[in-house]
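I have placed the structure first, in the form of structure tokens, so that the comments after it can refer back to it.
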Amino acid sequence: RQAMASLATSTAAAAAAEVTHLSQRDAADIDEQLMGPLGFSVDQLMELAGLSVATAVAEVYKLSEHTRVLIICGPGNNGGDGLVAARHLYHFGYKPFVCYPKRTAKPLYSGLVTQLESLAIPFVPVEDLPQDLSGQYDIVIDAMFGFSFHGTPRPPFDDLIQMLVSLSVVGDSAKRPPIVSVDIPSGWHVEEGDVSGGGIKPDMLVSLTAPKLCAKKFTGPHHFLGGRFVPPPISSKYGLELPPYPGTSMCVRIGKVPSVDISSLRENYISPELLENQVMPNPFDQFRSWFDEAVTAGLREPNAMALTTVNKAGKPSSRMVLLKGVDKQGFVWVHKLR
């Protein structure tokens, strides 16, 4: 087991080392290439980025425990990513709230606002935000400033950043909402990171296209890469080493996998009561109903089953097999002979 743990650790470290981190100039150049000769539009890239953020959030922060999401949006593209993420989180079943104090008048951003308003997603003025966000929100998404920002944040974003700084230094992370930063933790230098040491310390960073140099200074437990749209000409020109995306996902975890306290792992098994007079007369019909519920719930390999037999001496033997069919004659499973 120690060897396996060591291998897993070294593999994760190697994967983290292989991922290319971009300078501010290269990040800007890649955006120009994407929106120039490669034919992407800014709203298309924003849609892909926002969807990547929403899927990364849903990957880690389950809806059953983190429902209320506050998205703080800045006036630029990073804020637009946040607006798109809010829409997707709504459709994922979360309850988003948006703080968007400096609205951009461009049609793209006005359209994003209209889309959220049509879903009755609340827009929360800065002055209505509580000083302590812990009581009202389960997740806070920082979508204020991206890699092109420089200088000192102006009001009200200076106070909003300090609000997240205060939130991120709370000792017990279980008692506060996690902070998710989009591409760059707002207030960080795009290449040097949290220069002052007093900036936001997000729990999750969702890098877009490729992680920026400041991401090397990120120490939170969850680092994801989003933006499954980088074409080969970009990868080749900039020598990008990016991890493969799993399945159909729009995000992929990069960096180390957080350690898990096994003793704290548990599920809430809450379901309607099963009364004898509600059970179907035919057990195969009842099984089919339960099996369909398991498939609908998205359980992995719901057809895995334990088969137990006994030999002539009455000694039991159990093994895992895969159910391949069921009808009124019984069950069919795959079992490899030894």
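Backbone N, Cα and C define each Cβ position, glycine as well.
According to TrEMBL, the protein has these features:
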type	residues	note
DOMAIN	27-242	domain 'YjeF N-terminal'
BINDING	N77, N78, G79, G80, D81, G146, F147, S148, F149, H150, G151, T152, D183	(6S)-NADPHX binding site
BINDING	N78, D142, S186	K(+) binding site
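The structure, with features from TrEMBL marked on it.
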| residue | record | Cβ neighbours (10 Å) |
| --- | --- | --- |
| N77 | (6S)-NADPHX binding site | 24 |
| N78 | K(+) binding site | 25 |
| G79 | (6S)-NADPHX binding site | 27 |
| D81 | (6S)-NADPHX binding site | 32 |
| D142 | K(+) binding site | 29 |
| F147 | (6S)-NADPHX binding site | 26 |
| F149 | (6S)-NADPHX binding site | 19 |
| G151 | (6S)-NADPHX binding site | 6 |
| D183 | (6S)-NADPHX binding site | 29 |
| S186 | K(+) binding site | 24 |
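Each residue contributes its Cα atom, and for G151 ((6S)-NADPHX binding site) and S186 (K(+) binding site) these two points are 11 Å apart. Calculated from their C-alpha atoms, the gap between D81 ((6S)-NADPHX binding site) and S186 (K(+) binding site) amounts to 14 Å. Comparing F149 ((6S)-NADPHX binding site) with N78 (K(+) binding site), their Cα atoms are 10 Å apart once rounded. Each residue contributes its Cα atom, and for S186 (K(+) binding site) and N77 ((6S)-NADPHX binding site) these two points are 13 Å apart. The K(+) site is set by N78, D142, S186; from the centre of their CB atoms, other residues of the chain with a CB within 8 Å are I72, G74, G79, G82, A143, M144, F145, G146, S181, V182, D183, I184, P185. Put simply, D142 (K(+) binding site) is 13 Å from N77 ((6S)-NADPHX binding site) when counted between their Cα atoms. Largest Cα-to-Cα span within the (6S)-NADPHX-binding set N77, N78, G79, G80, D81, G146, F147, S148, F149, H150, G151, T152, D183: 21 Å. D142 (K(+) binding site) and G79 ((6S)-NADPHX binding site) are 9 Å apart (CA-CA, integer value).
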